[in-house]
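According to Swiss-Prot, the substrate binding site annotation covers T50, C51, H52, R53, S102, E107, T108, E109, Q113, on the basis of sequence analysis. Look at Swiss-Prot and you will find C51 tagged as active site, nucleophile, backed by sequence analysis. Swiss-Prot lists H92 with the feature site 'Important for activity', giving sequence analysis as the kind of evidence. Under the heading NADP(+) binding site, Swiss-Prot lists G181, Y182, S183, D184, I185, N186, citing sequence analysis as support.
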Amino acid sequence: MVLGVVGISYREAALKERERAIQYLQSFEKNLFLAQRFLGKGGAFIPLLTCHRAELYYYSESPEIAQAALLSELTSQGIRPYRHRGLSCFTHLFQVTSGIDSLIFGETEIQGQVKRAYLKGSKERELPFDLHFLFQKALKEGKEYRSRIGFPDHQVTIESVVQEILLSYDKSIYTNFLFVGYSDINRKVAAYLYQHGYHRITFCSRQQVTAPYRTLSRETLSFRQPYDVIFFGSSESASQFSDLSCESLASIPKRIVFDFNVPRTFLWKETPTGFVYLDIDFISECVQKRLQCTKEGVNKAKLLLTCAAKKQWEIYEKKSSHITQRQISSPRIPSVLSY
C-alpha cells in the first residue's frame, strides 16, 4: 500500500503536452471505473491541475502495477511523465506546495491550488487516511516554511510581464480591457493593472465580480465591441461563446488576446492573423527570461523541505502500520483520522 504521483510540469513539457495530460487526468474524475481499472480496488486519487502542472496523486494497494499502468497509458498519448512513490512522493508535494518548484520561485498561488485540489477530492470522493495525511502535512509544512524562511518579493511576475507586453504594443492607460472569466490569474492581472492606472477594465463572468470593475453579462457580450485587449481566464470552452470566432476577434484593429487557460481556449491550426494571440507558455517564457534565482537558495530550500518530508514520512509509516493492524481486527475504521 503506497502513495505515488505521476505527472508533468512546465519544466519537462510544452503547453500542448500539458493540455493532453490535463484532459486525460480529468477523465479520472468523470469516470471512477477508469480509476479503479488503474489503481485497483480500494484505490484513490487527487488530481492537481494548474496552468503549469498536471499531476495525479494516488493511493493503491498494488503500487507497482498502478504506476506501470499509468505510465504506459500516458506515454502512449505522447506524454513523458515523471513519477515518485513513497518518501519521494512526499518530498515532491512538499516542494510543490512550498512554491520552490514553481515557475516563479516562492510564488504563493500554488498553496491555494493544492488546497483546493485536496478539498475538491475530499468532497467528491471518499479518500483514505494516506491521501489525507499527505496533503494535510504538505499544506502545513509549506505554510510553515514560508513563514519561517520567507521568500524574496519578486519584481518579475506574470502581471508585470503582461504590463511590459502592453507597453511594447503601445497600449496606454486609456486602453479598454475585457476579462472573460473571474479566475485567480485574471483577478491578479486586473488588480495589478488597476493599481498602475489602467482603469478601463470590464469583467464578463458568471461569478459575482467585486468593485471597482465594470461588469458585462454573458447575454450582452460581443467580441466585436471596442475592447483593445481581451484576457481569457474562464473554465468555459470557446464553443460556449456564440460570438467568438477568429473574425470577431480580428474586428478591432491591433487587438491583443491573452489566453491564460490550460487547455487553451483556442487550438488554432494556423497562427491567427488580424490580432496578436499570446498563450500562457509565451508569458511563462517571458517570466523565465527575466527571473534570477540563485542555485544556492534553491538547494537550501530543497534540503529543508526534504528533511521535513522525511520526518512526516516516518510518522506516516508508523500510523499506517497501526491502521493496518486495526483493519485486521476491525473492518470499520474512520476514513479521516485526527493527527
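Each residue's number is its place along the chain shown, starting with 1.
Cβ atoms are placed via backbone N, Cα and C, with glycine included.
Note that the coordinates shown come from a computational prediction; the quantities given were computed from them, not determined experimentally.
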Counting across all protein chains, other CB atoms within 10 angstroms of the CB of S102 (substrate binding site) number 22
Here are the binding-site residues: T50, T108, Q113, S183, N186. Which has the lowest count of other Cβ atoms within 10 Å?
-> T108
For I185 (NADP(+) binding site), the nonlocal same-chain Cβ neighbours (under 8 Å, six or more residues apart) come out as C51, I158, G233, F260
By CA-CA distance, flag whichever of H52, S102, T108, Q113, Y182 among the binding-site residues is nearest to H92 (site 'Important for activity').
-> S102
So D184 (NADP(+) binding site), by the Cβ count within 10 Å over all chains shown, scores 15
Intrachain C-beta neighbours of G181 (NADP(+) binding site), sequence separation six or more, cut-off 8 angstroms = C204, S205, F232, G233, S234, S235, E236
Within 8 Å of the Cβ centroid of the NADP(+) site residues G181, Y182, S183, D184, I185, N186, which other residues of the same chain have their Cβ?
-> F179, R187, K188, G233, S234, F260
Between T108 (substrate binding site) and D184 (NADP(+) binding site), what is the CA-CA distance rounded to a whole number of Å?
-> 12
Other C-beta atoms that fall within 10 angstroms of the C-beta of the residue listed as 'active site, nucleophile' = 25
Drop a 10 Å sphere on every Cβ of the binding-site residues H52, Y182 and tell me which sphere holds the fewest other Cβ atoms.
-> Y182
